[in-house]
Each structure stands twice: as structure tokens, then as C-alpha cells.
Amino acid sequence: MTDRFKYREDREAYSAARVRALEALLIQKGILTDKSVDTVLGYFETKMGPFNGAKIVARAWVDPEFKARLVADTPAAVAELDLPAGMAGAEGEHMRAVANDPGVHNLIICTLCSCYPWPVLGLPPYWYKDPTFRSRAAREPRAVLAEFGVDVPESQQIKVWDSSAQIRWFVVPERPAGTESLSESELEALVTPESMMGVALAKAA
Amino acid sequence: MQIRFEHFAVTEMMGEPDSPPRANGTLCFTNDWERTVFGMALALAREGHFEWDEFRDELIAEIAAWEEANPVDRSGWDYYERFLAALEKAVAKSGLLDAGDMATLLADLRAA
């Protein structure tokens with residue numbers, strides 16, 4: 001074996017320098033511009049991601065009528081909010097929200113990894129596509145949720161929603177107790193992707 | 001409405017050997033150069049300088065080679081180092097840079 005993977009002392013700085021040199025050269029040759037990286041990554045950082053889901057859930061928490069509309073017709077309700085264009089796009093147009101309440105806890109799973117409400121939840125965690133997770137979540141959701149640290153009381157029913165190419169589910173978690181005085185934007189900060197997948201509860205900060 | 005290239009490209013990687021690190025539903029970059037190298041690869045593929053799948057083949061091969069060379073102690077693992085190596089190969093194969101360009105690159109690196 002060669003020393004191909006032998007590490008330098010200045011490993012990080014060396015990688016950073018290599019990337020800078022490559023980018024500079026590609027810009028100099030007119031292949032990229034100094035905006036290219038920000039443009040493609042802006043899509044993930046500002047347009048499509050869990051911050052959209054957090055806005056939808058926070059609105060549902062402060063406006064029960066919006067919440068009712070959201071569950072009845074998710075795309076129409078989402079369109080009421082000032083979210084980036086494309087929210088109701090190829091995936092978004094089939095989005096469906098399900099709301100947790102004291103009687104029901106909802107959990108989303110998927111058959112294929114691409115079936116994920118990406119515009120509102122962002123990128124899925126690594127275990128989401130795991131066949132073991134998927135089959136166990138369908139078969140014994142209460143046990144799987146307990147392993148996630150979510151102890152669902154026996155009095156609460158668990159519903160498992162399998163996303164497909166037609167429908168992408170996401171969960172509206174229950175508003176945490178003690179958050180009555182928080183503003184809508186403060187509430188947004190309490191909404192995690194995991195809570196919108198149903199593998200966590202939203203918690204007061 | 002068409003699915004955006006960025007969306008297609010990144011979701012294709014999910015759950016595959018070349019899945020990028022993520023946290024809380026977003027891509028997770030520890031250092032700025034990691035963000036830059038990821039963005040450059042996406043931008044070059046989006047502009048058609050190489051196919052995203054060709055780049056991913058390079059990346060998957062880089063990851064496999066590293067794993068083969070480090071079967072036990074994997075504490076030195078760095079996803080974005082492999083990503084950078086794969087991008088350099090994809091750029092060279094695509095003919096975007098020629099021998100003179102590579103010399104410039106090395107000179108820049110020495111000066112950096």
C-alpha cells in the first residue's frame with residue numbers, strides 16, 4: 001500500500017488551500033463564477049428545508065383555523081404562507097399534514113428514500129431509509145418510538161403514514177405546554193425535523 | 001413543475017455509500033472549504049461539465065479505496081477529503097483543465 005492516505009500535519013489547511021486553488025482556477029477560466037457555490041447551496045440553505053416546516057407548524061399552533069385547513073387541504077393552506085416558490089412543486093403538491101393530539105401520535109415512514117417531504121423537512125437523516133427502521137416502525141411503532149425516547153402512553157393511538165410517490169406526509173406536533181407567551185417566530189425555533197417526522201416531540205426551550 | 005437539479009442530485013445520494021453528512025435536515029459542513037467543494041461539484045454538474053452520476057462514481061470509488069486502506073482504525077475518516085479527491089478526478093477527466101492548468105493549480109497551492 002502506498003502512502004496515499006497518509007495524513008499531513010496541516011490536513012485541514014491543505015484541503016482548504018486545494019479547494020481555494022481549484023475554485024480560483026475554474027473562476028479564472030470562466031467555468032464558474034464567484035456566485036456559483038452560493039447559488040446552488042442557497043437552494044438548501046434558504047429555499048427548501050426544515051425552516052419551512054417550522055413556519056407551517058408554528059402558524060398551525062397559533063391559528064387553530066389554519067391548522068384545520070392545513071390538515072384538510074395541505075397544499076392550499078401552505079400556499080397561504082409566504083414561503084419560497086416551489087413549495088407546491090413536484091413533491092410539494094402531494095404533501096399531506098397529519099396533526100398529533102392527545103388521542104393520536106403520528107409517525108411517518110417511507111418505502112423509498114426519495115419519498116420525503118423535502119421542501120418542508122429538508123434532507124432525511126441516515127436511518128430514514130434503513131430497511132430495519134422502516135419495517136420495525138410499521139410493525140411495532142410503539143417500541144421504535146420508545147427507542148427514540150418518545151414514550152407514547154397506551155391511551156394514545158399511534159398512526160403510521162407510509163409516504164409514496166403520490167403522498168408525502170409530515171406531522172404537526174403538539175404545541176408544548178408553557179409556550180403560551182411565545183411569539184410565532186419564537187415557536188418556530190421549537191419545531192425540529194424529527195418532531196415533524198413523529199420521532200420526537202416538540203419541546204419548550 | 002420540474003424537480004430542481006439540486007434536489008434531484010442530493011436526494012439521489014441519500015442512504016447510498018456517498019451520503020453526505022447532515023444535521024437537522026440540512027447539509028452539515030464543519031469547515032467552509034467543505035461547503036465550497038460540495039457547491040462546486042453541484043454547480044459543475046448542473047452546468048453539464050460532467051454528469052452527476054459520473055462524479056458520484058468517482059466519489060464512491062474514493063470512499064471504497066479509503067475503507068480498503070483503513071479496515072480497522074477509521075478515526076481519520078473525512079468525507080469531504082474524499083469528496084475533494086473525487087472532484088479533482090472528475091474535473092481532470094472532463095477535460096475542464098489541461099496540463100498547463102494543473103501546473104498553475106500546483107503553483108497556486110505552493111504559494112497558498
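For all residues, glycine too, the Cβ spot is worked out from N, Cα and C.
Here the structure is a predicted model, which means the values were calculated and not measured.
As given in TrEMBL:
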type	residues	note
BINDING	A:Cys110, A:Cys113, A:Ser114, A:Cys115	Fe(3+) binding site
DOMAIN	A:15-200	domain 'Nitrile hydratase alpha/Thiocyanate hydrolase gamma'
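The Cβ neighbour count for A:Cys115 (Fe(3+) binding site), using a 10 Å radius over every protein chain in view, is 24. The secondary structure of A:Cys110 (Fe(3+) binding site), as reduced to three states from DSSP, is extended strand. The number of other Cβ atoms within 10 Å of the Cβ belonging to A:Cys110 (Fe(3+) binding site), over all protein chains shown, comes to 22.
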